[in-house]
Amino acid sequence: MLAVNRRQTLKGVAATLVAATAFAPHRVFAQAADGPFKLPPLGYAYEALEPNIDAMTMTIHHQRHHGAFIGNLNNFAKTIPDLGTKPVEVVLADLASIPESSRTGVRNNLGGHWNHTFFWELMTPGGAKEPGGDLKAAIEAELGGFQKVKEQVTASGMGRFGSGWAWLTVDKDKKLKIVSTPNQDNPLMDGARGAIIGVDVWEHAYYLKYQNKRAEYLANWWNTVNWDKAAANYKKALA
């Protein structure tokens with residue numbers, strides 16, 4: 001009964017937020033855009049990933065959750081001028097340079113901004129089912145093939161207690177590695193050369209459609225992966 005009530009409450013709140021956003025989308029983006037950080041567009045419609053990820057989840061996830069990171073970062077940028085001028089990846093790799101009083105907040109919000117931008121770009125309507133080219137060859141040589149990578153990334157996401165992300169990365173030695181990070185942390189913070197794929201396992205990424213069925217969400221998420229983008233991520237990480 002508690003689970004049902006929670007689901008009904010979340011759907012009610014979500015419907016209210018989506019309705020409000022539909023009538024005033026310019027206000028949502030204006031609030032997030034007041035400063036050097038901007039909310040990036042998805043590049044596809046909110047309903048484009050259905051039935052794998054529903055439009056309501058995508059709308060709230062992008063405009064509200066990602067938008068909140070942007071608003072918070074613009075506030076931090078008022079007292080940390082370099083924050084809005086340096087490449088995000090550079091700051092994430094050197095968080096020790098951020099004043100200690102702001103470091104945790106910048107870590108969470110800049111990590112969230114980078115992670116979600118990466119996430120949106122990695123997904124596409126009618127995503128390809130398997131990687132190809134150099135990425136496919138590396139996956140087969142280093143990790144035993146696509147099916148094993150799929151299983152291991154899924155297991156990494158399932159094994160993340162609470163909130164976080166699961167990743168396929170290129171480590172500092174240019175080797176493929178599967179990792180999980182808590183909260184809005186990402187592999188760049190630990191010295192990785194780059195991320196190839198990453199999946200959000202925070203509840204807000206799936207709860208409206210899947211409730212507590214994270215495994216079902218992860219299984220369907222693979223249908224959205226843009227392997228052309230993943231291949232480009234791999235090439236960039238090796239450069």
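Even glycines carry a Cβ here, placed using N, Cα and C.
Because TrEMBL annotations are produced automatically, they should be read as predictions rather than curated entries.
Residues or ranges marked as signal peptide by TrEMBL: 1-30. Here TrEMBL flags 37-123 as domain 'Manganese/iron superoxide dismutase N-terminal'. The annotation Mn(2+) binding site is assigned in TrEMBL to His61, His116, Asp200, His204. The annotation domain 'Manganese/iron superoxide dismutase C-terminal' is assigned in TrEMBL to 132-232.
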Subject >> Rounded mean pLDDT for the residues that make up the domain 'Manganese/iron superoxide dismutase C-terminal' (132-232) >> reply: 98
Subject >> Cβ packing number for His61 (Mn(2+) binding site), 10 Å threshold >> reply: 23
Original post:
What count of other C-beta atoms do you get within 10 angstroms of the C-beta of His204 (Mn(2+) binding site), across all chains shown?
Top reply: 15
**OP:** Report the DSSP secondary-structure composition of the domain 'Manganese/iron superoxide dismutase N-terminal' (37-123) as helix, strand and coil residue counts.
**Re:** 58 helix, 1 strand, 28 coil
Subject >> Spatial neighbours, same chain, of His116 (Mn(2+) binding site) - Cβ under 8 Å, 6+ residues apart >> reply: His61, His62, His65, His66, Phe69, Asp200
Original post:
If you draw a 10 Å sphere around the Cβ of Asp200 (Mn(2+) binding site), how many other Cβ atoms fall inside it, taking every protein chain shown into account?
Top reply: 23
